[in-house]
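Engineer: Would you mind keeping the following structure in view while I ask a few things?
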Amino acid sequence: MREIVHVQGGQCGNQIGAKFWEVISDEHGVEPTGAYHGDSDLQLERINVYYNEATGGRYVPRAVLMDLEPGTMDSVRAGPFGQLFRPDNFVFGQTGAGNNWAKGHYTEGAELIDSVLDVVRKEAEGCDCLQGFQITHSLGGGTGSGMGTLLISKIREEYPDRIMETFSVFPSPKVSDTVVEPYNATLSVHQLVENADEVMVIDNEALYDICFRTLKLTTPTYGDLNHLVSACISGVTACLRFPGQLNSDLRKLAVNLIPFPRLHFFMIGFAPLTSRGSQQYRALTVPELTQQMFDAKNMMSASDPRHGRYLTASAMFRGRMSTKEVDEQMLNVQNKNSSYFVEWIPNNIKSSVCDIPPKGLKMSSTFVGNSTAIQEMFKRVAEQFTAMFRRKAFLHWYTGEGMDEMEFTEAESNMNDLVSEYQQYQDATAEEEGEMDEEEGAME
């Protein structure tokens with residue numbers, strides 16, 4: 001029941017995805033060969049959320065891997081869990097998108113998309129009751145952003161009533177891999193606003209900061225960053241996979257977190273984040289988890305929640321704990337920091353509790369927040385976009401693939417609209433809301 005089909009696209013998406021499957025397989029006791037060697041029936045009870053049981057008791061991930069060049073996929077296949085995946089589920093081209101959104105969305109990607117959709121369809125048909133899709137990709141490159149958003153819109157057409165959740169790595173303010181990131185990201189956001197249900201915003205710089213500051217890693221690798229992300233992905237779906245006292249699923253998350261359909265870009269956080277060696281010496285309490293989870297330093301996107309207000313938030317706890325304590329802490333957070341929550345949505349934190357903690361921890365919590373501060377992120381990308389677009393820099397790479405300048409202008413204004421929508425609700429107060437309704441009534 002409640003299966004999730006996982007799609008990973010592009011280099012970044014495949015690397016995050018590969019790490020994620022290591023984490024999930026560890027939680028469910030699945031060996032790299034696909035055999036089950038766990039120690040508890042609970043690991044098997046709902047293992048079919050992410051795995052198909054194949055002949056001979058092997059567990060095969062419901063994962064689709066796509067890329068426009070074979071490189072990253074080869075390294076996934078050669079990685080520790082490479083033999084876990086179904087060989088037919090690797091779909092790749094040979095040319096690469098060359099960091100060009102237009103190649104991923106219109107030319108190279110469009111040629112490959114049908115074979116990806118075939119695999120997605122096959123996975124979806126193997127499900128009892130499909131909950132939705134989760135996609136890991138980055139918005140700065142060509143494949144993850146261009147082809148990723150193309151796939152999202154195609155899946156949207158075919159499965160309009162299923163939840164579409166993406167884990168999207170946004171370009172970082174200080175760390176840039178490619179010059180044309182602002183173009184690719186803006187064009188992608190334009191698509192994600194329309195076609196995704198929930199977008200978890202991740203940012204390499206914020207992840208680096210967590211590794212440096214909190215985890216005390218002097219030279220964090222992408223592996224370390226991806227490990228943080230996969231802890232979050234695992235936390236978001238823990239309630240689907242293990243029994244809990246208060247369940248949540250992707251749809252409940254969407255209903256509780258999205259007050260207005262376009263505002264579905266979330267910050268995520270995870271607690272406890274302790275450096276690898278020192279973990280086992282501390283017992284964590286629910287108040288400590290709560291405090292750490294709402295801390296700005298724990299956010300995996302480089303926007304500071306203290307610069308905006310939370311429209312809604314969701315806290316998912318894992319481990320043995322009293323639900324009463326969880327509820328008290330959630331109320332406590334809202335009362336103490338009431339200025340950081342909009343007052344026209346009372347009780348705007350959803351909490352859920354899952355009994356089984358992740359490997360190596362007694363308790364953990366995952367935070368998903370819909371904060372107006374996320375606009376900082378879009379503003380930053382929009383400024384960089386405008387700076388280049390004013391001079392039409394690098395545009396020929398996109399127009400050469402058949403794109404029109406109009407599309408850039410549209411994407412830019414859509415992004416600016418998004419920013420002003422967030423700003424509008426950040427400034428709104430409970431009193432104004434009533435007045436606004438009256439005015440609208442008068443206008444009619």
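Numbers here mean position along the shown chain, with the first residue as 1.
The backbone N, Cα and C atoms fix where each Cβ goes, glycine too.
The GTP binding site annotation in Swiss-Prot covers Q11, E69, S138, G142, T143, G144, N204, N226. Taken from Swiss-Prot, the feature Mg(2+) binding site covers E69.
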Engineer: What is the maximum Cα to Cα distance, in Å and rounded to a whole number, among the residues Q11, E69, S138, G142, T143, G144, N204, N226 annotated as binding GTP?
Structural biologist: 23
Engineer: Going by DSSP, give the three-state secondary structure for G142 (GTP binding site).
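Structural biologist: SS state of G142 (GTP binding site) = coil.
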Engineer: Which is it, of Q11, S138, T143, N204, N226: the one of these binding-site residues whose Cβ has the most other Cβ atoms within 10 Å?
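Structural biologist: Within the set of binding-site residues, the most crowded position is T143.
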Engineer: What residues, ordered by sequence, lie under 8 A Cβ-to-Cβ from G144 (GTP binding site) and sit at least six positions away in the same chain?
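Structural biologist: Looking at Cβ-Cβ distances below 8 Å from G144 (GTP binding site), excluding near sequence neighbours, one finds G9, G10, Q11, C12, G13, G104, H137, S138, V169.
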Engineer: May I ask you to report the DSSP-based helix, strand or coil state of N204 (GTP binding site)?
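Structural biologist: Looking at the DSSP assignment, N204 (GTP binding site) belongs to a helix.
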Engineer: 10 Å Cβ neighbour count around G142 (GTP binding site)?
Structural biologist: 29
